[in-house]
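Presented below is the structure to which this report refers.
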Amino acid sequence: MERQVLLSEPEEAAALYRGLSRQPALSAACLGPEVTTQYGGRYRTVHTEWTQRDLERMENIRFCRQYLVFHDGDSVVFAGPAGNSVETRGELLSRESPSGTMKAVLRKAGGTGTAEEKQFLEVWEKNRKLKSFNLSALEKHGPVYEDDCFGCLSWSHSETHLLYVADKKRPKAESFFQTKALDVTGSDDEMARTKKPDQAIKGDQFLFYEDWGENMVSKSTPVLCVLDIESGNISVLEGVPESVSPGQAFWAPGDTGVVFVGWWHEPFRLGIRFCTNRRSALYYVDLTGGKCELLSDESVAVTSPRLSPDQCRIVYLRFPSLVPHQQCGQLCLYDWYTRVTSVVVDIVPRQLGEDFSGIYCSLLPLGCWSADSQRVVFDSPQRSRQDLFAVDTQMGSVTSLTAGGSGGSWKLLTIDRDLMVVQFSTPSVPPSLKVGFLPPAGKEQAVSWVSLEEAEPFPDISWSIRVLQPPPQQEHVQYAGLDFEAILLQPSNSPEKTQVPMVVMPHGGPHSSFVTAWMLFPAMLCKMGFAVLLVNYRGSTGFGQDSILSLPGNVGHQDVKDVQFAVEQVLQEEHFDAGRVALMGGSHGGFLSCHLIGQYPETYSACVVRNPVINIASMMGSTDIPDWCMVEAGFSYSSDCLPDLSVWAAMLDKSPIKYAPQVKTPLLLMLGQEDRRVPFKQGMEYYRVLKARNVPVRLLLYPKSTHALSEVEVESDSFMNAVLWLCTHLGS
């Protein structure tokens, strides 16, 4: 019998990629004020923001679209789009005022380089631009932060001031030999470096400023800034402790001050992106006296504080610090008037049956409170799905809003006055936009969802979730009885399964997970004729805290065994072509892929990795997350730790490079030269080792790309190269 014919011609694969990459992704949504028509009908405007790959311009474009939702207070009566999509160029942040009558927009304009770009803060009212402030020209601070870690754009409750976060203004610096600045009448006072406010400091032009690591290289020392909209005056708030970097700020009740999260940056900064374990606390700074008050435990990590509609309580997420980067979190509640903090939802060690398995989201949506300030709505991975939940902050009860559905994954974009705006997708259905009202307490599972934007499903992709129980010899001694899952995609129109090749994808992290949502690469591969196995090995998020804690100290062993076990089980049950199995993974997924071709060289016929961890020991001194190297190798981390020989040996023992002599699988390496998380020298180290052993290996080095290789030009090129590599070495 002939083998399964793969879509292997470059032109065909490129055409398929071009078509699928046009699927847009939802990035944000907000709800306008309620409007009552002259006939008594009520409606609200839904403003949505989307991103889409543009292969002609080789960039991600952003666009917006508005919808009208007519309702009766409890349910949606009618909903539909209000006009076509419009591209939003230059918008970095935007936020509606509390009343919905104004909108603030942070916009970049000017040249292509960061030095030439200018930032403007605009205030819009109805059909006109009311105010525009050239923040770059005012020189009160550096660039404004637009990221979701530190960044914010918050209206005061009075709608007279705007709060945002920007980089602290740096003093000017110049050479010791800058002749135009030379003053022949210089005195001893000048030599003592007593400077005028804007006078340049000699010899500081190469002074090192720490940043916050991967994807945050332009962020160093954030400050809280307040713009008086009427006068145009900008104030940089004082009172923030010198030892912390502020972010995620909002106005306190009554506009008396500002609440913010402060991250410790002493003795040095660690990478903060995708790391919910960075020591931080909740603070309040009073605007009248500049006094700063600590509102939470300062020995843990906190994120995404959200003020209730009645301005009485603040809910936020809390995680242990300096342990695994992502883990099960606590939902905490701070009462503004009693000053009491309570834990609403605690860490869940292990899921029991169909019960809630814990909170694993890294951020709460900006809008997450119910109208009565009693319930909080959020999304979180639960095993291999992502569901919506409502938690009663008084009772601590957690109820699923999406249980018993079609098995796809949900994401909450916002909720306001109990009207929820959500995204839904599956591995075979791209994201769709839905709205629905939060039912009364006790009836949460009765949500009636109405679609605003539907995506066409792909009937030629079928998928399922496989539950896997490790064999007894692979059980964890301390955390026995843990299972794990894998999501299997396969062509639904395949004539003969025994001829279908399979691509195995372990996720990165390692403490993250695949969920049953739309993913471009797996969908592409499946439409090309591959089965795709996405493995959530033990240590993945969504399966309870015990599962996460089982992996540190066992990387390179437990996770590798889990992936291999999943592969063998699926091959046995589905009867795919065992002679054509390939691996594809990035970061820790690349780490596992390189382990697997070394530990099980007979199983895999091809391998593609992106920015893989190859040698934990050599990575520790160059990564922005040295704590990852220590913790995942099974050791505790502190900022002053100096590993001894036994620690270095353990790191090396758990690294893929240990098994390099056994590797014979053809390998495609794809590296980002600007990667701060897993520096590209890791992949180079492996490349040279394999080249010296005559293993077929190809290296693609993307000069300006970072860890995710997510730039449109890089992503598209890397996918095409990966596809051709698989087709070459698996046979078409």
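For all residues, glycine too, the Cβ spot is worked out from N, Cα and C.
Per Swiss-Prot, these features apply:
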- Ser587: active site, charge relay system (ACT_SITE)
- Asp675: active site, charge relay system (ACT_SITE)
- His707: active site, charge relay system (ACT_SITE)
- Met1: N-acetylmethionine (MOD_RES)
- Ser187: phosphoserine (MOD_RES)
Any same-chain residues 6+ apart from His707 (active site, charge relay system) with CB under 8 Å of its CB? Would you list them in sequence order, or say none? Glu214, Asn215, Ser587, Asn611, Gly672, Asp675, Arg676, Arg677, Val678
Taking the Cβ of Asp675 (active site, charge relay system) as the centre, how many other Cβ atoms fall within a 10 Å radius? 24
Just counting, how many other CB atoms are there within 10 A of the CB of Ser587 (active site, charge relay system)? 23
